[in-house]
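Worksheet: the structure to be examined is printed underneath.
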Amino acid sequence: MIPTHQRTIYFGYGSNLWLHQMRQRCPTSKYLGIARLKGYKWIIYDRGYANIVELSEEEKHAVADEHDYSKEVWGLVYSLQPEDERRLDVNEGVAHGSYSKEWIECEFWTTSSERAGRPDTSKKPGKTDMLVYINRQNVREGKSKEEYVYRMNAGIRDALKENVPRMYVGQVLRKWIPDMEDESVKEVARRQALEFEDER
């Protein structure tokens, strides 16, 4: 195991589900597996990008007839070297208040080299604190930017390949991200994947 002071374990739940984008933004990052953060919900907030919102205690403990994916957030997990983390801070707009950084405990399923890298969610997960970018002050819901829909759909395809539950995608992400792509925004999306610039 790499000493924790040499790396950061990062939980990506938005467009950083897209493995290509992470390779572009954080060249020395390493994909480790998938994770689940319980007690939060996934939204598009009014900047047009993904955010997560912590549920109230009442919401967390409300009983549902079937599994409610709206009360949890799934994402891909990466290890970051210090330079990767610095790059990610810039892309996430930490200095401008777009997101803040928190370390939150997540359930974690690692990749398995014997199974071509796909994490096995039928097994009991581990638990570890992970870096999460979150904006707790601005939780106003909004509409996704068109180029972000393109990047999210690329991320959703990768997430499904890595065993993020299809029901989570259907119940949660598809509420905000239509399963369609506007080719006219493709080049903008690819530029944003490489080096994000807030459109506002």
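Every residue gets a Cβ built from N, Cα and C, even glycine.
What TrEMBL says about this protein:
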- Tyr10, Phe11, Gly12, Tyr13, Gly14, Ser15: substrate binding site (BINDING)
- Glu92: active site, proton acceptor (ACT_SITE)
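Within 8 A of the CB centroid of the substrate site residues Tyr10, Phe11, Gly12, Tyr13, Gly14, Ser15, the other residues of that chain are Asn16, Leu17, Ala50, Gly75, Leu76, Val132, Tyr133. Sequence-distant neighbours of Gly12 (substrate binding site) (same chain, 6+ apart, CB under 8 A from its CB) are Met22, Gly75, Leu76, Val77, Tyr78. DSSP assigns Tyr10 (substrate binding site) to a strand. Looking at Tyr10, Phe11, Gly14, Glu92, the recorded positions in this record, the fewest other C-beta atoms within 10 angstroms of the C-beta turn up around Glu92. According to its DSSP assignment, Glu92 (active site, proton acceptor) is coil. The CA atom of Tyr10 (substrate binding site) is located 13 Å away from the CA atom of Glu92 (active site, proton acceptor). All protein chains included, Tyr13 (substrate binding site) registers 25 other Cβ atoms within 10 Å of its own Cβ.
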